[in-house]
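Quick notes on the structure that follows.
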Amino acid sequence: MSLKEKTQSLFANAFGYPATHTIQAPGRVNLIGEHTDYNDGFVLPCAIDYQTVISCAPRDDRKVRVMAADYENQLDEFSLDAPIVAHESYQWANYVRGVVKHLQLRNNNFGGVDMVISGNVPQGAGLSSSASLEVAVGTVLQQLYHLPLDGAQIALNGQEAENQFVGCNCGIMDQLISALGKKDHALLIDCRSLGTKAVSMPKGVAVVIINSNFKRTLVGSEYNTRREQCETGARFFQQPALRDVTIEEFNAVAHELDPIVAKRVRHILTENARTVEAASALEQGDLKRMGELMAESHASMRDDFEITVPQIDTLVEIVKAVIGDKGGVRMTGGGFGGCIVALIPEELVPAVQQAVAEQYEAKTGIKETFYVCKPSQGAGQC
C-alpha cells in the first residue's frame with residue numbers, strides 16, 4: 001500500500017469523512033557542499049523518492065487535528081485562536097505546531113485543518129525527514145487555503161519553525177530542496193540569495209545512499225563548534241561570512257590564524273569552489289570530474305573540517321575501490337556518522353552493493369542500509 005493510500009484510508013477511518021487533498025514533500029541528499037550553507041555558500045542537493053505524505057482537508061472552524069501514522073496513530077489537537085506552545089510529550093507534533101505558528105506570523109488567512117501524516121524518509125540518517133515534514137505541513141496549508149506563498153517562503157517558514165520552535169539550528173538547504181526539487185535534476189542553491197539553478201543529472205546514473213548506521217553522538221555539540229569556528233574565521237577577515245573571503249586572501253594570511261580555525265576556513269573556501277564546479281561537471285555529464293570533486297570534498301571533510309569517523313571512511317573506500325573513476329562517493333550530511341552518497345553508473349550498483357555487504361560489517365561490526373534513489377520532484381499534490 002502506498003503512503004497516499006495509507007494516509008487516505010486512515011484519514012477516513014479516524015475522521016469519518018474523506019480527505020480532499022494529499023500532499024507530499026521529499027527528503028534530500030546533498031551531493032556536494034558540506035557545512036557551506038550557514039557560511040552563505042553553495043550547496044548541490046537533490047530531492048529523493050522518499051517523502052512525507054499528508055492526507056488532509058480544511059475544517060470550517062479554527063481547530064487543527066493531526067494524526068501521526070508512524071507513531072502509533074498518536075493524535076494532536078490544538079486551536080488557531082490560542083497561543084501555540086510546545087507539546088509536552090510528542091516531539092513530532094512540535095514540527096507541525098511550529099510550522100503552523102510561524103505561518104500565522106507570515107499570513108494568517110487560513111482556518112482549521114485535519115491531517116494524517118506518514119513518511120518513509122529514514123529518520124536519524126541525515127536525509128532531512130524533519131525538513132520534509134515541515135515543508136509538507138506548510139504546503140498543506142498553502143494548498144488548502146490558496147495562500148500566496150512560494151516554495152522558498154514555505155521553506156523559510158519551515159527553517160524558522162525548526163530553529164525557533166523546535167530549537168534545532170539548521171541552514172536553509174534542507175527545506176529549500178524539499179520545496180523546490182526537480183525530477184531528474186539536482187539544485188545548485190546559493191544560500192545567501194536563495195537563488196537556485198536546476199542542474200540536469202546524467203542519464204543512467206544512480207544516486208546511492210548508504211547509511212553507516214554508526215550512531216551519531218557528537219553531532220549537536222560539534223556542529224555548533226564548527227559554526228563558531230567559521231564565524232571566528234569570518235570575523236578575522238572582517239567579513240559577514242566566509243562566502244566573502246577568497247582562497248588567495250586566505251592563503252596570504254593563513255599562518256596568522258589559529259591553526260584549527262585555519263583548517264575549518266580552508267574547508268569552507270575550497271568546498272564552495274568545488275560545489276560550483278561540480279554543477280558544471282554534472283551538466284556536462286562529466287562523471288569523472290564529478291568523482292574527483294567528491295573525493296576532494298571527502299578528504300577536506302576528513303582532514304580539514306574533521307567531521308568524518310572511521311566507519312564512514314571505510315564505507316567510502318569500499319565504494320571507491322569498485323567504481324574507480326566512473327563515479328563519485330563522499331560523506332554527506334552533518335558528519336560524525338550518518339550516510340555516504342555515491343553517483344554510480346546503474347550497471348555498477350549490484351557490484352557496489354555486493355562489495356559493501358561483504359566488507360563493511362566484517363570491518364566495522366555494523367550492518368549498513370543501502371538506498372538506491374532517483375532525483376525527485378519537490379513538494380506538491382500527489
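Every residue gets a Cβ built from N, Cα and C, even glycine.
Remember, it's a predicted structure, so these values are computed and weren't measured experimentally.
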Candidate from Y223, Y360, Y371 that Swiss-Prot assigns to the same substrate site as E34, H35, T36, D37:
Y223
Around the ATP site formed by G124, A125, G126, L127, S128, S129, S130, list the extra residues of the same chain whose Cβ is within 8 Å of the site's Cβ centroid.
G27, V121, P122, Q123, G333
Most Cβ neighbours within 10 Å: which of the recorded positions E34, D174 is it?
D174
Translate the DSSP assignment of E162 (Mg(2+) binding site) into the three-state scheme.
helix
If we check Cα distances from S128 (ATP binding site), which of the recorded positions H35, D174, Y223 wins as closest?
D174
